[in-house]
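Right, one structure below, let's go through it.
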Amino acid sequence: MIGASVLFILGYFGIVFEHRFFDKAATAILTGVLCWALFFIIGDGDHAQKAHELYHHLADISQVVFFIIGAMLIVEVIDSHKGFQSVEKFLNFRSKTVVFWIILFAGFLLSSILDNLTTIIVMISILKRVIPERDSRIFLSAALVSIVNAGGAWTPIGDITTTMLWIADRISTFAIMKSLFVPCVLTTVVIGLCIKRKVNLEFSVPKGEEQRKTPYSFTILVLGVLALVLVPVLKALIGLPPFMGILLGVGVLWAFTDVVHRNDSEMQHLRIQHILSKIDFSVAMFFLGILLAVDALEAFGVLSTLATWVRTSFPSENIFAFMLGMLSAVVDNVPLVAATIRMFGLDIYPQDHPTWNMLAYCVGVGGSILVIGSAPGIALMSLEKVTFSWYVKNISLIALISYIVGALAAAIF
């Protein structure tokens, strides 16, 4: 038990300091495999029992990995066809205030069906064309970090941590949407009100948009969004597992792009066979490694011991979830959620228990407090050259206030 915990902690440090050494996916894979290797060496039972334990966990892990790969592929197909440029036409308003709020809620709504990283990249690319002045744009881009995190928290497909809770049957589609929609909207509104005075919107609607699009860009956008939205619908109606729903969407898009581009030599790069090379499979490998490591801790009994300590140390589940959200500002939220899922079974907190809803909000939004706390924040640093100190000085307090307001609302709803 102690050896597995030490390996996991060392792996965690490797993930935190990935930029100094090597990619976090490599660290995660090594951590997961070594934890299970240790279990096979010193764990209880014979080799057959240990292998059965591993295969049992792998069945759940593979669902998450397949879902991530499918979702990334669908989003990449839309992006390769420049489908996201259709969003720009909704910014053709004279009122700067109207444009300001449309931008914020466009990010909020997009992140509810796309992953947060893709949403922030799409929104910043649009902002760079609509608001050329960096001094005005940078505050809006930074505000979108919190907003896309909030937008992803209230739907089962909007944020990977919420998706993990959903696939693990800790939350259901309509319950999480009903519970967290208002808190997440409040978070967005608070951020907008706080940041508006810092933004001097000078926008210019892009011209010649249609010439830059590829054939079938809008059709691909509609098909891709429908593929993502139908995943929770199919799960609710016929019980189809989410990874099967996402693979269904991949299959439809694959067949459609093959048919429409088959005779056009200039469009062969838009077929999925070529788009597959653009997918960052290190993301899927990271999740595979982390989930393997966390499940190894469960096999050793570490998580059950930790769960007992947590339940006796925190006065309420809401405070526990709130503190996890604060912690997610400095450490990766994926292992936090994975460990919590394994610590508390459905016999302790059944599906749609308020604890799971609170956890989905806090871990999803809490990472916005620091720029390094979430993938959109890291993307902001790269795309807008934002420094850690600038974000702390200008955004962190606003993000913290909005996080607290949303958490209070989540506790009520």
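Using the three backbone atoms N, Cα and C, a Cβ is placed for every residue, glycine included.
In TrEMBL this protein carries:
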type     : residues : note
DOMAIN   : 15-342   : domain 'Citrate transporter-like'
TRANSMEM : 25-42    : transmembrane segment
TRANSMEM : 54-78    : transmembrane segment
TRANSMEM : 98-126   : transmembrane segment
TRANSMEM : 138-155  : transmembrane segment
TRANSMEM : 175-195  : transmembrane segment
TRANSMEM : 216-234  : transmembrane segment
TRANSMEM : 240-260  : transmembrane segment
TRANSMEM : 281-307  : transmembrane segment
TRANSMEM : 319-338  : transmembrane segment
TRANSMEM : 359-383  : transmembrane segment
TRANSMEM : 395-412  : transmembrane segment
Best-packed against the transmembrane segment (395-412), counting Cβ pairs under 8 Å over 54-78, 138-155, 175-195, 240-260, 319-338, is stretch 175-195
Determine which recorded stretch among 54-78, 98-126, 216-234 has the most C-beta pairs below 8 angstroms with the transmembrane segment (240-260). 216-234
Within the same chain, the residues 6 or more beyond the ends of the transmembrane segment (138-155) and with Cβ under 8 Å of it are 100, 103-104, 107-113, 115-116, 119-120, 123-124, 127, 131, 162, 173, 176-177, 179-181, 183-184, 187-188, 191-192, 195, 198-199, 201, 232, 360-361, 364-365, 367-368, 371, 374, 376-377, 380, 383-384, 386, 391, 394-395, 398-399, 402-403, 406
Quick one: find which recorded stretch in 54-78, 98-126, 175-195, 281-307 has the most Cβ pairs under 8 Å with the transmembrane segment (216-234). 54-78
Most Cβ pairs under 8 Å to the transmembrane segment (98-126), of 54-78, 175-195, 281-307, goes to 175-195
What parts of the chain pack near the transmembrane segment (319-338), using Cβ distances under 8 Å and only residues at least 6 beyond its ends? 12, 15-16, 24, 160-161, 164-165, 286-287, 290-291, 293-294, 310, 355, 358-359, 361-370, 372-374, 403, 407
Taking residues 6+ outside the transmembrane segment (175-195), which of them lie with a CB under 8 Å of any CB in it? 100-101, 104-105, 108, 139-140, 142-143, 146-147, 150-151, 153-156, 162, 165-166, 351-352, 354, 357, 360-361, 365, 398-399, 401-403, 405-407, 409-410, 413
At a C-beta cut-off of under 8 Å, are there same-chain residues at least 6 beyond the transmembrane segment (281-307) that contact it? List them, or none. 1, 4-5, 7-8, 11, 23-25, 27-33, 35-36, 38-39, 43, 53-54, 57-58, 60-61, 64-65, 68-69, 72, 160, 332, 334-335, 338-339, 342-344, 348
Across the domain 'Citrate transporter-like' (15-342), what does the mean pLDDT come to, as a whole number? 85
